[in-house]
Amino acid sequence: MTDRQYPIPSDFASVSNLKPSDYRTLYERSVTDREGFFRDQGARVHWMTAPSHVGDWSFESPVKIEWYKDGVLNVTESCLDRHLETRGDKVAILFEGDEPGNSRKLTYRELHGEVCRFANVLKARGATKGDRITLYMPMIPEAAVAMLACARIGAVHSVVFGGFSPEALAGRIVDCDSHILITADEGVRGGRTVPLKVNADAACQIAAKAGVSVDTQLVVRRTGGDVSWDADRDVWLHEAVASVSGDCSPEPMSAEDPLFILYTSGSTGQPKGVLHTCGGYLVWAAMTHDYVFDLKEDDVYWCSADVGWVTGHTYIVYGPLANGATTVMFEGIPTYPDASRFWQVCDDHQVTLFYTAPTAIRALMREGDGPVQKTSRSSLRLLGTVGEPINPEAWEWYFHTVGEGRCPIIDTWWQTETGGAMIVPLPGTTPMKPGAGTFPMFGVEPALVDADGNTLSGATEGNLILKTSWPGQMRTVYGDHERFEQTYFSTYPGSYFTGDGARRDEDGMYWITGRVDDVINVSGHRMGTAEVESALGSHPSVAESAVVGYPHNIKGQGIYAYVTTTAGTEETDALKAELVKHVRTEIGPIASPDLIQFSSGLPKTRSGKIMRRILRKIAANDYGNLGDTSTLADPSVVDALIDGRMSG
Ligand code: WTA
């Protein structure tokens with residue numbers, strides 16, 4: 001790890017909203033007078049009834065987390081209505097399609113109208129407050145409109161990433177008992193179509209077998225491609241909106257009513273439905289979006305994530321719209337039609353704030369400086385990253401080649417569970433070190449602990465916990481509060497365990513080192529090894545499997561699967577290909593194993609527990625320090641695995 005340090009670029013420092021001393025003052029107040037600090041922050045959103053409570057929470061069992069609990073609001077009033085008077089004609093969503101030149105602007109007034117009409121369509125199909133509505137959408141403005149329409153009527157949206165398979169989509173529909181599904185005929189990415197309606201239809205069938213019937217499928221026409229149609233269930237959005245009013249009054253919601261569920265992978269079992277509520281989440285989204293991006297009124301802000309992930313929720317939709325910003329929505333991919341696309345879009349729309357993932361930076365870096373240098377990028381003033389640790393090489397390239405040394409690199413560490421950014425070099429407040437998350441966001445109190453939960457002080461490395469609650473914290477796992485407590489609060493009782501490891505250096509800066517549990521991070525996407533194992537295990541030729549992450553140049557981590565086949569199975573390359581295909585069908589392309597190794601045995605302890613530490617080392621081609629293997633039931637499997645790895 002390089003510990004090179006860069007000062008705040010001087011042009012940026014002279015106009016930044018926050019100065020170094022502001023960070024110290026605000027942080028100090030946020031932890032010594034939390035009530036006062038977060039009462040003030042609460043004013044960032046529009047309340048129908050202002051809250052008298054601020055934070056009411058306990059990390060001791062029974063875990064309870066409430067913020068602003070007697071406040072009443074509807075998040076869409078903060079994101080839309082309140083802007084109409086002063087920002088009605090300001091662009092709210094700037095859509096850039098997959099094909100260059102295909103762009104569309106929606107002002108706050110237009111977005112407000114579309115959301116109200118969409119909300120009325122949902123009402124006409126019987127949706128009411130508290131209903132769960134699933135979205136399976138491409139990156140088009142209608143995705144944001146649909147999310148806000150749900151919020152308008154008090155329904156709880158569950159957005160499922162458009163790259164997930166019908167099986168995975170169905171699992172999520174069933175888990176939250178959702179009877180309305182919003183999708184599109186097809187998506188378009190990198191010049192190819194994605195068969196969303198076909199997948200959605202298949203998911204409805206699978207869900208029906210599990211006892212959950214989708215009564216309404218609301219379909220956005222994106223490509224006009226042929227789709228099959230169930231007249232009882234399917235409704236074209238463009239037809240339905242024609243017959244509804246453009247007025248829809250916002251449903252009054254308690255601050256602690258649910259806003260959305262977002263499924264995410266954990267170290268065990270099936271994905272869990274992370275639940276966020278209206279009040280605290282919106283305050284956190286608005287506050288962090290403002291501070292993290294040094295937001296100014298005329299910024300053009302672009303977060304290149306997908307709305308299917310939490311980054312899209314907080315930093316494409318809720319944060320920017322609550323702050324009255326112009327938010328870019330990009331349908332395509334960084335390399336289509338070529339590797340200069342990101343920077344071309346920045347030039348075309350004069351983007352000032354840009355936020356992307358390290359995996360995209362690494363993929364573009366591989367293409368060399370040429371595609372970057374043929375663009376101007378002169379509008380850019382801040383560059384952000386999220387989703388995985390950024391390696392210093394990628395950081396340096398982003399800083400020097402893309403930003404030409406003018407733009408601070410804002411590396412934001414956070415999680416689906418945290419709702420918004422938690423450890424971040426707030427722009428204008430701190431020098432930067434390539435790869436360091438630096439310091440905690442206001443109100444965030446991180447600590448490093450050892451395996452026994454002892455708090456470590458000074459420059460050290462350990463497991464990252466958070467000692468106190470913040471408004472954007474998830475409230476529960478949908479339908480399973482016990483799993484919530486078990487997952488996050490049982491490892492280090494009284495604290496929230498992040499699942500990440502971190503180092504703290506001599507300057508007190510935090511460096512996130514990655515997951516310390518059985519979650520792997522593939523191109524910034526979270527994947528549970530147990531999920532991939534369960535997908536592999538459902539193939540008839542697989543007797544047993546163990547999945548681990550291994551270092552991958554572009555993806556950060558790749559998926560490595562050790563597979564023991566059933567007796568008599570021929571272990572061929574064709575079978576490997578079939579297993580990859582099988583996982584894609586069960587979960588989706590993002591879960592595809594990058595490497596499969598057939599192995600007649602797995603390293604197990606005498607009690608039958610697989611020693612993943614050994615498997616991780618072998619997958620990483622790191623055979624020198626395998627640690628103690630004497631507790632293995634059969635130590636000879638290790639040599640066989642190494643032989644297999646070396647010849648594979
Ligand atoms: C990892 C994405 C290092 C981390 C917002 C975390 C990061 C997981 C960073 C959450 C970062 C995210 N530096 N690691 N800047 N950002 N991570 O829920 O392991 O999709 O626990 O949320 O991504 O992934 P999730």
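From the backbone N, Cα and C atoms, a Cβ is placed for every residue, glycine too.
In the three-state DSSP reading, Arg584 (CoA binding site) counts as helix. Counting every protein chain shown, the Cβ of Arg584 (CoA binding site) has 17 other Cβ atoms within 10 Å. Taken from TrEMBL, the feature CoA binding site covers Arg189, Gly190, Gly191, Arg192, Thr311, Ser523, Arg584.
The ATP binding site annotation in TrEMBL covers Gly387, Glu388, Pro389, Asp411, Thr412, Trp413, Trp414, Gln415, Thr416, Asp500, Arg515, Arg526. Taking Cβ-Cβ distances under 8 Å and a sequence separation of 6 or more, the neighbours of Arg515 (ATP binding site) in its chain are Gly499, Asp500, Gly501, Asn521. Reduced to three states, the DSSP call for Arg515 (ATP binding site) is strand.
Secondary structure at Val542 (Mg(2+) binding site), taken from DSSP and collapsed to helix, strand or coil, is strand. Take the CB of Val542 (Mg(2+) binding site) and look out to 10 A: across all protein chains shown you find 20 other CB atoms. Annotated Mg(2+) binding site per TrEMBL: His539, Val542, in sequence order.
Per TrEMBL, the feature domain 'Acetyl-coenzyme A synthetase N-terminal' maps to 23-79.
Summarising the annotation, TrEMBL assigns domain 'AMP-dependent synthetase/ligase' to 81-469.
In this model, the domain 'AMP-binding enzyme C-terminal' (531-609) carries an average pLDDT of 96. Annotation source TrEMBL lists domain 'AMP-binding enzyme C-terminal' at 531-609.
Among the features that TrEMBL reports, N6-acetyllysine is placed at Lys609. Take the CB of Lys609 (N6-acetyllysine) and look out to 10 A: across all protein chains shown you find 11 other CB atoms.
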Shortest C-alpha distance to Gly387 (ATP binding site) - which of the binding-site residues Arg189, Arg192, His539: Arg189
Distance-selected binding-site residues near ligand 1 (C-beta under 6 Å), from Gly191, Pro389, Thr412, Thr416: Pro389, Thr412, Thr416
In sequence order, the binding-site residues (Arg189, Gly191, Pro389, Val542) whose C-alpha falls within 10 A of Lys609 (N6-acetyllysine): none
Diameter of the ATP binding set by C-alpha atoms, the set being Gly387, Glu388, Pro389, Asp411, Thr412, Trp413, Trp414, Gln415, Thr416, Asp500, Arg515, Arg526, in angstrom: 18
Among Thr311, Ser523, Arg584, which are recorded as binding-site residues, the nearest neighbour of Thr416 (ATP binding site) by Cα: Thr311
For the domain 'Acetyl-coenzyme A synthetase N-terminal' (23-79), residues assigned helix / strand / coil by DSSP: 26 helix, 11 strand, 20 coil
Residue pair Thr311 (CoA binding site), Pro389 (ATP binding site) - Cα distance, angstrom, rounded: 15
